[in-house]
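For reference, TrEMBL has these:
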DOMAIN    39-91  domain 'Cytochrome C Planctomycete-type'
DOMAIN    149-285  domain 'DUF2231'
SIGNAL    1-21  signal peptide
TRANSMEM  156-174  transmembrane segment
TRANSMEM  186-206  transmembrane segment
TRANSMEM  226-246  transmembrane segment
TRANSMEM  258-278  transmembrane segment
Amino acid sequence: MYLRILFAVLLSQTLLAAAQAQEIVNFARDVQPILEARCIECHGPDKAKNDFRVDEEDSMTSYVEAGDVESSSLWTDYLVTDDPDMKMPPPSPSHPDGLSAAELATIKLWIEEGAKYDWKTAAPVAPTPVAATAAQSTMEKLFLLHGMFHPASTHFPIALLSMSMVFLALSFIFGKPLESAAFHCLWVGALTAIPACVMGWAYAAHEGYGNPFSLNFMDSGIDRHRWLGVAVTVFALVMIPVAYSAYKQEGNFRKKMIWFIGCCLVAMATGAVGFQGGELVYGEGHYLKEYDRMFPAAQPTAETEQTAAAANTVAKQD
């Protein structure tokens, strides 16, 4: 009896060692050096852009589906994406194309083999002197600092411009008081959109995005988000005198309809700008990916397959 138990224990350990020996990629040996060389500067303990750190297991594995490369947003949305502003790590003089083919192959195989995470912390070493970089001026620092308020500041114009459309639609039923509310939401929302845009420019610089005046709308998510936001702000400002004229000329249905159509366009475009901002943070198609993760497609049960097979057999006999 005891000999059989001992034999089973020894056999299980042998099989486990054999299974581990079949793994081609070892995280600490193969993957961690890539992350340390190419990623940890912007996503490590000293600086964690978008609160993402490669040296923390929970943060790293939240972007990875073990064994499934195509469902891993780290791979599809950042490492091999065609969007130059989403691709990580960003191009540099020494690595103009991002990760090399060998580095990508290593990370891909690591995910396919189960994405086992085992970050090894090196023993502390004496700091080495580094070359001093050009110090930023106080104005530059203040500009970047005020950009940190961009995510919060966008809620004001989004809410006000959207409610302007809602109040104006209701004014067709409930009359002048809601028309007044719609006008005031419009001009306040349009004016608050101006500092939100300026903060967005500073926030993009803080997050390390490229040329602030790029117009690559087809391939660059940040360009689409930035310039559509500017266009919405300008259009909302143009709508203020239009709305004021319609508001003062009571009973002019034609002007009020122009005002209403303009408010609808502003509200819809504002929603599109906010959605694009979400894609910059969470990746493209983040809603669908989260839905698929929470509600995976139901797999057919054995009983269902047997029923379908029986139905096919009966159909053939008929």
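Here the Cβ of each residue, glycine as well, is placed from N, Cα and C on the backbone.
Tertiary neighbourhood of the transmembrane segment (156-174): same-chain residues 181-183, 185-186, 188-190, 192-193, 196, 232-233, 236, 256, 259-260, 263-264, 266-267, 270-271, 274, selected by CB-CB distance under 8 Å and a gap of 6+ residues from either end. DSSP labels the residues of the domain 'Cytochrome C Planctomycete-type' (39-91) in these numbers: 15 helix, 2 strand, 36 coil. Residue counts for the domain 'DUF2231' (149-285) under DSSP, helix first, then strand, then coil, are 113 helix, 0 strand, 24 coil.
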